[in-house]
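*Asks:* Annotations for this protein, taken from TrEMBL, read as follows:
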- 120: active site, proton donor/acceptor (ACT_SITE)
- 181: active site, acyl-thioester intermediate (ACT_SITE)
- 12-31: transmembrane segment (TRANSMEM)
- 226-247: transmembrane segment (TRANSMEM)
């Protein structure tokens, strides 16, 4: 095999390895950013914009790197059956979507209409809506807003087209709709989870149970940082060893 062909093969091999490591690098940075997020309580309502419908696409590395500053939260979503506890933000921005569930229509009355929460579906199951696809009909959804906790029961779990906006429309009775991508890559499908209100109670007791859950989830995320760092470092070491071996063999063959 000529040197030119070897270089082409080597270049293609390196490109393939980089493609494998890139998602790991991106997820590692996001997990680290999530673990270090500073939260501020803020119930300011920001009007919904049509272009926000495109925001559920997988986040770009540049968006993750640029994520700085405190993130506002107005409440908490808790799904006990699949161990999801997420802050809820009323401001629909790329930054907020990277670390929380975002309310699409925060101006709606929780008690009488459809509350829609959107979030990313990432390859790391313990982050955001990564395991929302495990929700089953009959599971509980606990929504804490404005010092009240609303207990919903899941009645529908469905895959829809991203162009189907019927699930976002107002309802005549209180409903909670969770929306995310059906997979952690680019897709035109959406996973929709719809729950109906069964009970409302004072939030104090629920807050006391929820805060420790958020702290535990933060601890889980911090442990993920170590995993991603080790995987990425191992990949770099592997590339270095193989590169050194190939160049060493090439040097031996050169007269």
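Cβ coordinates are placed from backbone N, Cα and C, and glycine is handled just like the others.
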*Asks:* Let me check the 10 A CB neighbour count of the residue listed as 'active site, acyl-thioester intermediate'. How many other CB atoms are there?
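*Replies:* Around the residue listed as 'active site, acyl-thioester intermediate', other Cβ atoms within 10 Å: 24.
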*Asks:* Helix, strand or coil for residue 120 (active site, proton donor/acceptor)? Use DSSP.
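*Replies:* Where residue 120 (active site, proton donor/acceptor) sits, the three-state DSSP reduction gives coil.
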*Asks:* Pop the Cα-Cα gap between residue 120 (active site, proton donor/acceptor) and residue 181 (active site, acyl-thioester intermediate) into the table, whole Å please.
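*Replies:* For residue 181 (active site, acyl-thioester intermediate) versus residue 120 (active site, proton donor/acceptor), the Cα atoms are 7 Å apart.
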